[in-house]
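Undergrad: Per TrEMBL, domain 'Major facilitator superfamily (MFS) profile' is recorded for 60-474. What TrEMBL lists as transmembrane segment is 57-73, 96-119, 126-145, 157-175, 187-209, 221-243, 294-313, 325-345, 357-378, 384-404, 416-436, 448-469.
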Amino acid sequence: MADEITKTGGADNANWKRDVETLEQASPQYQSPTLANARAMDPAHRARVEKSMKRKLDARCALFIILYIMNYLDRNNIAAARLRGLQTDLMLDDTQYSTCLSILYVGYILMQVPSNILINRISRPSWYIAAAMMVWGVISTLSGITHNFTGMVLTRFFLGFIEAAFLPGALMILSKWYTRRELTTRNAILFCGNLISNAFSALIGAGVLSNMQGVLGHAAWRWLFWIEGAITMFFAITAAIILPDLPSNSRGFTAEELEVAQLRMLEDVGEADEDSKDQGVFSGFNMAIKDSKIYVMSLTFTAYVVGLSFNAFFPTLTGTLGFDYVPTLLMSAPPWVFSCIVSVINAWHADRTQEKFWHIVGPICVGLVGFVISMSSLNTAARYIALFLQASSYAGFIVFYSWISSSFPRPPAKRAVAIAFINAFSQLGNVAGSYVWNLKDNGYRKSYGIVTSMFGVTIVGCFLFRIMLTRLNKKLEAGEQAWVAQPDVTEHTAKMEGMEHPDEALKMVKGFRYLV
């Protein structure tokens, strides 16, 4: 509905007629018994119901953290395995190793949009994510039986293809339950799984690689794939039982809690979080690709991902400090723990202030300081501190994800495609980033120069996107004023909605603004 107002701006009566028709089409959602029951609740009772609902929801969504840890462990354990002979045993040169890294993102890109179109149309998304997790756990274990370049490339491709279902699907589920004021903090908690996985992968890698060499006649790096793949399959079963589905049908909530959950989402944006029944499979895709915001965010996010490509090479970069492989892996963990703490604080403050731009650009600037130190100093302590600063740049990455959801609020089909499209397109940055770190000379100085420039591009892109949203907000404000100036339309809308006072009709659209 906000999009409609943005388009019309109160230009003429024909446009207002179209707005009213939009409201008429949406009216069954507003008049549904579920929402009527939630509206009729005593405020104190509703507050208790909402608190109970959020407590259950937070507890169940906490599992996403573990699932994301396994998602990244299975994706990035190849970096730890490299330190214990994977590249030598498979007879891979540096280019072939980089290809094994980048091919995962090819499959990841291909599957993201189709996966999110599907997950938006099924009633049990928890089962879908659990099934995908079980399959990628099997594929991860198969990485441990490869014996050449071809085998590793194939397993990595299909691993990325199946893993593509998780992150966009998780973000989509969260966006169906949490309001814009709550979403950034929840996304940050989800992404702690990403950050903690970097610490866990180093610790697990150190334990497995130092103790499993030669067990049952197999190399330790093979055991790393087998053990982590088996853990993934265990949590896949857990996910099918614990994860929530939709606010309309999720198990484990009372009827009142589900009613309040649906009303919260309607009040947040002024429109029910439901797709029109006449929308086809590709309606969301068609709406998304016609929105210019998606292209600005895609290009900006891709540059950001290239800048963050040091993640996949973190043990190698820590290795430039000159320690053995076990101390190197152990020293790789603390920067990510620090990053997790910074990210949660940054996301919490972004939710509290409802501001996005500076909460993205600020951590990027901190990461830039880390890049400069790594390029300009050979001091061991300084370079290790620089790794902490670089890892903390992920704090802005998390806020960027919530910026995507809040910038494409309705309808859900469009939001699902936008999240998947931007995330999929950005994976081109991971493909490019896999080759950025082949430049080993002078402690990867040239590589750091590339990611520094990419962070600069990201800052420019965020600034341009902020300008776009500011202009849209001005059009929304003009649209509100036009509604006030059209009392006949307001009265018609109020009568259509069965409202006692015409001003209540404005509550559906009044107050919505894009977060900048």
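Heads up, the Cβ atoms here are built off N, Cα and C, so glycines get one too.
Keep in mind that TrEMBL annotations are predicted by a computer and have not been checked by a curator.
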Undergrad: Between the transmembrane segment (96-119) and the transmembrane segment (187-209), are there three or more CB pairs that fall under 8 A, provided the residues in each pair are separated by 6 or more in sequence?
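TA: Output no: the transmembrane segment (187-209) is apart from the transmembrane segment (96-119).
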Undergrad: Counting only residues 6 or more past its boundaries, what in the same chain has a CB within less than 8 Å of a CB in the transmembrane segment (384-404)?
TA: 171, 183-184, 187-188, 191, 194-195, 198, 297, 301, 304, 307-308, 310-311, 314, 317-318, 321, 331, 334-336, 338-339, 342-343, 345-347, 350, 356, 359-364, 366-371, 373-374, 377, 418-419, 422-423, 455, 462, 515
Undergrad: Restricting to CB pairs under 8 Å, which listed stretch, 57-73, 357-378, 448-469, is in contact most with the transmembrane segment (294-313)?
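TA: That would be 448-469.
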Undergrad: Summarise the model confidence on the domain 'Major facilitator superfamily (MFS) profile' (60-474) as a single mean pLDDT, whole number.
TA: 86
Undergrad: Need a quick answer: max count of Cβ pairs under 8 Å to the transmembrane segment (96-119), which of 126-145, 221-243, 416-436 is it?
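TA: Looking at each of 126-145, 221-243, 416-436 in turn, the most contacts to the transmembrane segment (96-119) are made by 416-436.
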Undergrad: Taking 3+ C-beta pairs under 8 angstroms (sequence gap of 6 or more) as contact, is the transmembrane segment (57-73) in contact with the transmembrane segment (416-436)?
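TA: These two stretches do not touch.
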Undergrad: What else in the chain is close to the transmembrane segment (126-145), if you only count residues 6 or more beyond its ends and a Cβ gap under 8 Å?
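TA: For the transmembrane segment (126-145), the nonlocal Cβ contacts are 67, 70-71, 74, 77-78, 115, 118-119, 151-152, 155-156, 158-159, 162-163, 165-166, 169-170, 173, 218, 221-226, 228-233, 235-237, 239-240, 242-245.
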Undergrad: If we skip the immediate neighbours and take only residues 6+ beyond the ends of the transmembrane segment (157-175), which ones have a Cβ under 8 Å from one of its Cβ atoms?
TA: 61, 64, 67-68, 71, 74-75, 103-112, 115-116, 119-120, 125-126, 128-129, 132-133, 135-136, 139-140, 143, 183, 186-187, 190, 243-245, 401, 404-405, 412, 415-416, 419-420, 423-424
Undergrad: Near the transmembrane segment (221-243), which residues from the same chain, at least 6 beyond its ends, have a CB less than 8 A from one of its CBs?
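TA: Sequence-remote neighbours of the transmembrane segment (221-243) are 60-61, 63-64, 66-67, 70, 73-74, 77, 80-82, 84-86, 89, 125-127, 129-131, 133-134, 136-145, 173, 204-205, 208-209, 212, 215.
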Undergrad: Is the transmembrane segment (416-436) packed against any residues at least 6 beyond its ends, judged by a Cβ distance under 8 Å, and which are they?
TA: 98-99, 101-102, 104-106, 108-110, 112-113, 115-117, 119-120, 164, 167-168, 171-172, 175, 284-285, 287-289, 291, 294, 297-299, 301-309, 312, 404-405, 407-408, 447, 450-451, 454
